[in-house]
Amino acid sequence: MKTRNDIQQEVTLIASNLEDIIPIRYQEANRTKSFNINGGTPAAILYLSVLDALFPDAGYDVQAHNYATSMILEYKHTPNIGIGLFGGTTLLAWCLQSISRGGSRYQGAIRELESRIVFQARQQLTFLSNVNAPISSEYYDVISGLSGVVLYGMRFRSDGLRLISRQICSRFCELLATSNFHAFGSLSATSGQDSVAQKTTTDYGYAHGILGVLMSCILSDVNHDNNMEPFAAIRQLVDISNHSRNYILPYSSSDYTETVSNGRYAWCYGNMPFYFLSLMLKPVDPIIAESLLNAAIAPLKVNTSQVHDLGVIGLVDNSICHGRAGIVLGLHPYLSHKDSRPIRDQLLEEIDCSVANPIDSGFLEGDLGTLAVRVALEYTDSIAHLPAFFPFVSPTLCEGI
């Protein structure tokens, strides 16, 4: 495993050459990369935000400011981007929050973006009020839809988003009450990723599925109205998981009988976020929480100790979204669990052996995000407090920030 000094030198070298990896300004043909978390300007900002938090006197805030200035200027010329947390106006606001040093900077720009987010969210809500279930996930999920807006608003205590977040989650609760979680479908055929038939099935994942909806509902003020649907849905999903192989959720409602449990272990699919959700139950049921944590890490224990091939369970790379870094982030606060630390150490060893130079400049799905996680683990015990990582850790760890 690499030493702390080796890791710092690596991330520092990358930062010093970052403009060769991600240019501050793009030519006309590549202007949309200004809003791309995977290989574009937001990836650079989130990466630098981690370094600035860890090494506040090293000038990374100035470097990040140059990228942020370019991003916002490009946005003013291209305002009609989507709303998504990972590719729209909410992403831009998240980027500025991450380099704001606790809210002391960029507040004017953040307010402008949040005003736009509210406008877009109202349009989405109007659509959701007039559409029949199941709803395609790009309208409601964490990645592209309204759940990501709510999670952002709750993490950064945004007064401007408080009302719209309640309205969003009230609509989610209405859908849960009338159609249960089957109201929330998979990606639509228009996204190019799924067939029309798949659109009608429930996605049980976190990034694109029902788990992200439930997290947003539980975190929002909608629960002050005594909406119990999210909590009931979580318990129902626990029951489903108990009838699924290895106590995990299936991919979708179309494969209850699926015997292959491949793919449920990465952050985006949801085993670790499912455990996070169990910690939000009131009161927390320790038996449920323990069983879900065991379900999330047991296959990792087997595969790291025996075959060192996490691809067989869907961890296809080192990334936060689909790979090792996302599991490391999720496990880090729970190292007291008897199996967590050995698994974490094995994952870090595999990351250190396979990441030499950034092959992919993305933050969510690339090496910049992986290296940001790697250096943060060495230099802070409060990794969950870093704004760049908020979607990937349990919200219970961010309380009181």
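Glycine too: its Cβ is placed from the backbone N, Cα and C atoms.
These come from TrEMBL:
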BINDING   Cys268, Cys321, His322  Zn(2+) binding site
Cβ-Cβ under 8 Å from Cys321 (Zn(2+) binding site), same chain, 6 or more residues apart: which ones?
Ala207, Ala266, Trp267, Cys268, Leu364, Glu365, Gly369
Given the binding-site residues Cys268, His322, which one has the fewest other C-beta atoms within 10 angstroms of its C-beta?
His322
Compute the mean position of the Cβ atoms of Cys268, Cys321, His322, which form the recorded Zn(2+) site, and then list in sequence order the other residues of that chain whose Cβ is within 8 Å of it.
Ala207, Ala266, Trp267, Tyr269, Ser319, Ile320, Gly323, Gly326, Leu364, Glu365
